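A.B. asks: Sharing a structure with you now.
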Amino acid sequence: MKKILLTNDDGYHAKGIKALEQALEEMAEIYVVAPKHEKSACSQCITITAPLRAEKIKGKEGRHYRIDDGTPSDCVYLAINELFKHVCFDLVISGINLGSNMGEDTIYSGTVAGAIEGTIQGVPSIAISQILSNKNKNTPLSFDLAQKIIQDLVQNIFTKGYPLKGRKLLNVNVPNCSLQEYQGERITPKGYRLYKKEVHKRTDPKNESYFWLGLHPLEWQKRENEDRLSDFDAIASNHASITPLNLDLTSYDDLKSLESWHEGMLK
């Protein structure tokens, strides 16, 4: 039977990871290793300056752990290299995240980081996120659509094989709409997220300042001279976006021009 490792950045008790397990439990043997507490926007952080403690969850056949103060990357690293080191995983899936991970969000995202860590460890990986309404960020319409999409995607992978080669992963974003309103999937590049750079300054009872970094509505910039619509465009039209991500961040188009710019300085 196929074996899938699940993680997230919303925490072990989050509704999204429970919905993900429910969607896949009849398709594969499911293992879950997730942070004990929410670790949203922790990016690719791993813990190297403090010990990590893994708590085995009772009644889960030894397949569930939560990691005290662990990040998604910690969870996947520990799962593959220690907790389940004798298990050969067919997939790592991170999610279902509460909120989008599109455009530059993928750099900040702990959800995407969990899938990146799976890729680094040599396992085909997927990150999946559920878009929330700007009017009510805490209540997605439901996970029904996200569950259907991940079931179909995983079944396709089991049938045809993982579609990417090398150090690459799939990033999936699911629109906040009903199954009836859903328009299907689009294969998209990342778009450009617009950040308003909000900082909220407050004063505590001791008259000391503290800050909350701003969270703002989903806004994006149109890609210029692009044949394909972006992940943002797909979501805006009630499509799911499926974006292939590459761990290699090198800007190959700029290597030659950079050499020319740097000519005379290179030895």
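Backbone N, Cα and C define each Cβ position, glycine as well.
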A.B. asks: Of the candidates S40, S43, S125, which does Swiss-Prot annotate as part of the divalent metal cation site that also includes D9, D10, N97?
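C.D. replies: When Swiss-Prot describes the divalent metal cation site, the candidate it includes is S40.
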A.B. asks: Give the sequence-ordered set of same-chain residues, not counting D9, D10, S40, N97, with Cβ within 8 Å of the centre of the Cβ atoms defining the divalent metal cation site.
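C.D. replies: Same chain, not in D9, D10, S40, N97, Cβ within 8 Å: N8, G11, A14, G16, E38, K39, P72, L98, G99, S109, G110, T111.
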A.B. asks: Here are the binding-site residues: S40, N97. Which has the lowest count of other Cβ atoms within 10 Å?
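C.D. replies: Per-residue Cβ counts within 10 Å for the binding-site residues S40, N97 bottom out at S40.
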A.B. asks: Who sits close to D9 (divalent metal cation binding site): which same-chain residues at least 6 apart have their Cβ under 8 Å from its Cβ?
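C.D. replies: Same-chain residues close to D9 (divalent metal cation binding site) (Cβ under 8 Å, separated by 6 or more) are P35, E38, K39, S40, A41, C42, T71, P72, S94, N97, S109, G110, T111, A113, G114.
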